[in-house]
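Colleague: Just dropping this structure here.
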């Protein structure tokens, strides 16, 4: 009997070892959830067991054909497969030490970010036009494909473009700089143009389905807020806009948690025209208000320097000190500023 228990325990550990990373939703079928219900979950945009485990019960009940009793059972089974309880700070520290950072292409900028853009969290870059937001995004779309020992993420990139500023030629120039095959680099970037705020959110459901199929290291949304400025106007629609934006950012955070991808979003700025603006040296602030401020893990403020030089400042971060770094925009992507 003891021997049999030992064998079962070994089998369990081997299953656990195999299920490194997100688990496909089909795993729930082995736990007694009917194939029909699993199909309904998949159609509603749940492609992994983690997505189900992290979802509030209300969200599952809203799916046609899922009753409250079924939702309880599904959540109970998902919770068995996904560790969601307390853990010691030691274990968490160990997990944090395994987080990969993706190089930005500039040594100074990487030093400021203590290694590069962090995976598994949201990094927001905001600034005026011509401050290098889109150029950093293009460079990251290539560097995330590099091997880990070269500062990459060994994965594909996903690019959601809402402003029509994506240029594959820029990717080819960066690929040449790193000695990568141009055609392979372009094949590894999934591109989508977002046309309105609902479409932008819909693209994230497709993104989650694609992330189950193959390994992605980076998700870029450039810009996350541009369409919100045009789809919603005036104070009357402000609360509806913020609720929609909060839902979009929540989905981004869920993708970062589920798949461990680095999420990079760009944001626009608005000039402050109130009385306080007279007393601030730089009267610009990022749009999206507190909702976007709380959703982003790291916020970077970009501004122009002399010539091709740009300055990046850590505006808000849980662990990076408030400091600045200079970088340059070159023909082959983002690099270090020349003295």
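Keep in mind that glycine also has a Cβ here, set from the backbone N, Cα and C atoms.
Predicted, not measured: the structure shown is a model, and the values here were computed from it.
Swiss-Prot lists these features:
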MOD_RES   2  N-acetylalanine
MOD_RES   13  phosphothreonine
MOD_RES   14  phosphoserine
DOMAIN    48-77  domain 'HhH'
CROSSLNK  58  ubiquitin cross-link
CROSSLNK  64  ubiquitin cross-link
BINDING   127, 128, 129, 130, 131, 132, 133, 134  ATP binding site
REGION    184-257  region 'Interaction with PALB2'
MOTIF     245-260  motif 'Nuclear export signal'
MOD_RES   309  phosphothreonine
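Can you walk me through where each of these features ends up in the structure?
Modeller: Tertiary proximity for the domain 'HhH' (48-77) is limited to same-chain residues at least six positions away from its ends with a CB under 8 Å from its CB atoms, namely 22-25, 27-28, 31-33, 36-37, 40-41, 84, 208, 212, 254, 257-259.
If you draw a 10 Å sphere around the CB of residue 58 (ubiquitin cross-link), it holds 8 other CB atoms from the protein chains shown. Secondary structure from DSSP puts residue 58 (ubiquitin cross-link) in a helix.
In this structure, residue 64 (ubiquitin cross-link) belongs to neither helix nor strand by DSSP; it is coil.
Under the three-state DSSP scheme, residue 130 (ATP binding site) falls in the coil class.
Counting residue by residue with DSSP, the motif 'Nuclear export signal' (245-260) contains 15 helix, 0 strand, 1 coil.
Sequence-distant neighbours of residue 309 (phosphothreonine): residues of the same chain at least 6 apart with a C-beta under 8 Å from its C-beta are 326, 327, 328, 337.
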Colleague: Mind checking which of 64, 130, 133 has the fewest other CB atoms within 10 A of its CB? They're the recorded positions.
Modeller: 64
Colleague: Specify all same-chain residues, apart from the site residues 127, 128, 129, 130, 131, 132, 133, 134, whose Cβ lies within 8 angstroms of the center of the Cβ atoms of the ATP site, ordered by sequence.
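Modeller: Other same-chain residues near the ATP site: 302, 304, 310.
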Colleague: Mean pLDDT for the motif 'Nuclear export signal' (245-260), rounded to an integer?
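Modeller: 94, rounded to a whole number.
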Colleague: Taking 10 A as the limit, how many CB atoms besides its own sit near the CB of residue 132 (ATP binding site)?
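Modeller: Excluding its own Cβ, residue 132 (ATP binding site) sees 25 Cβ atoms within 10 Å.
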Colleague: Rounded to a whole number, how many Å is the Cα of residue 131 (ATP binding site) away from the Cα of residue 58 (ubiquitin cross-link)?
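Modeller: One finds 42 Å between the Cα atoms of these residues.
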